[in-house]
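Engineer: Right, I'll just put the structure down here and ask away after.
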């Protein structure tokens, strides 16, 4: 064997061994919670656990009280951006304005970190477990499911946008499409039948009482809509029609985002309720987790084009988010004597659901939130000092949520 062939074979061997070592270290595969060992060096004996062993520490009273604490925390986190938005609209204040911006962009960073640290990494740990090799062995299913989930959400949004275009006869994405925060202007073009005519631009930000006023520019992402043209070249000239169209687009993206977080919150509630001694550490972490995620969702609701007839919707959506984790905890307490979180079925289901949710939040966090806010929005911040502040808020949200991943 030549020296070159020997060197290539050795390099391939090192690459394979390095991959296996890193895979084991990152995924903690050798310390699988599903695998019981007699000592550190012994082979696998039994997979799964005893449902009763996860509840031997008691603290039932604290667990019941935790349901109401997390409910209150979720409500505060979700509704704080909505309240700040209303206050700033009615009485502009630079401090409240910056507090609102902090909640909005900090929440965006939280959602992105949740996708990678709190969903994708646990999904890898679960689906790579040795006890699940019969189901998921031979392929990296966790990132694969995450990738499929990203593509599914993209295709879903494309189809929904096409449906809106077909249903309302509107072209999306051209110069007549919705423009968020565009400068007020008008333009003219030749029409064979009607000659030259202009399209006005409508400011659709309104106060809670429905009376128009001058809202804080840029900071509340004041929405200005240019009328749309349909296939018959008939202009949509009413503000209510323009608002309705924009709201449908925004609400579609938000429902996709909230559905993933709700799915994740149910799992959080179940696992928190049936946790053992680690409940003391897990509980305060979940409080921060729910508050930060609530700020991220609430800030998105506050920036949407709600009209007088739909002003109640964001508050209802906020209540739905706030109830999900407490309901999951209550369900976990109800089945704690019989549910084994380390059983093959429940462990695999948690891994698959975490991977699906991570894909949705990766897409939503990068495309719908950060890319829209910093790259694609016509109203993106052009003031360098404020831009640095907004970027710092987003990175702080990501960092804090990633740090919390050490405990939950």
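Cβ atoms are placed via backbone N, Cα and C, with glycine included.
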Engineer: If you look at how Swiss-Prot annotates this chain, which of 43-63, 64-84, 169-189, 190-210 comes out as transmembrane segment?
Structural biologist: 64-84
Engineer: Swiss-Prot annotation phosphothreonine: which of 88, 229, 237 has it?
Structural biologist: 237
Engineer: Give the range, chosen from 15-35, 351-371, that Swiss-Prot lists as transmembrane segment.
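Structural biologist: Feature transmembrane segment in Swiss-Prot: residues 351-371.
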Engineer: If I look at Swiss-Prot, which residue among 234, 238 would I find recorded as phosphothreonine?
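Structural biologist: Among 234, 238, the residue Swiss-Prot annotates as phosphothreonine is 234.
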Engineer: When each of 101-121, 254-274, 315-335, 351-371 is checked against the transmembrane segment (141-161) for Cβ pairs under 8 Å, which one has the most?
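Structural biologist: It is 351-371, which has the most Cβ pairs under 8 Å.
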Engineer: Mark yes when the transmembrane segment (64-84) and the transmembrane segment (351-371) have three or more Cβ pairs under 8 Å (sequence separation 6 or more) and no when they do not.
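Structural biologist: Contact absent: fewer than 3 Cβ pairs fall under 8 Å.
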Engineer: Contact between the transmembrane segment (101-121) and the transmembrane segment (387-407) is defined here as three or more C-beta pairs under 8 Å separated by at least 6 residues; is that satisfied?
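Structural biologist: Judged by the Cβ rule, the two regions touch, with the required three close pairs present.
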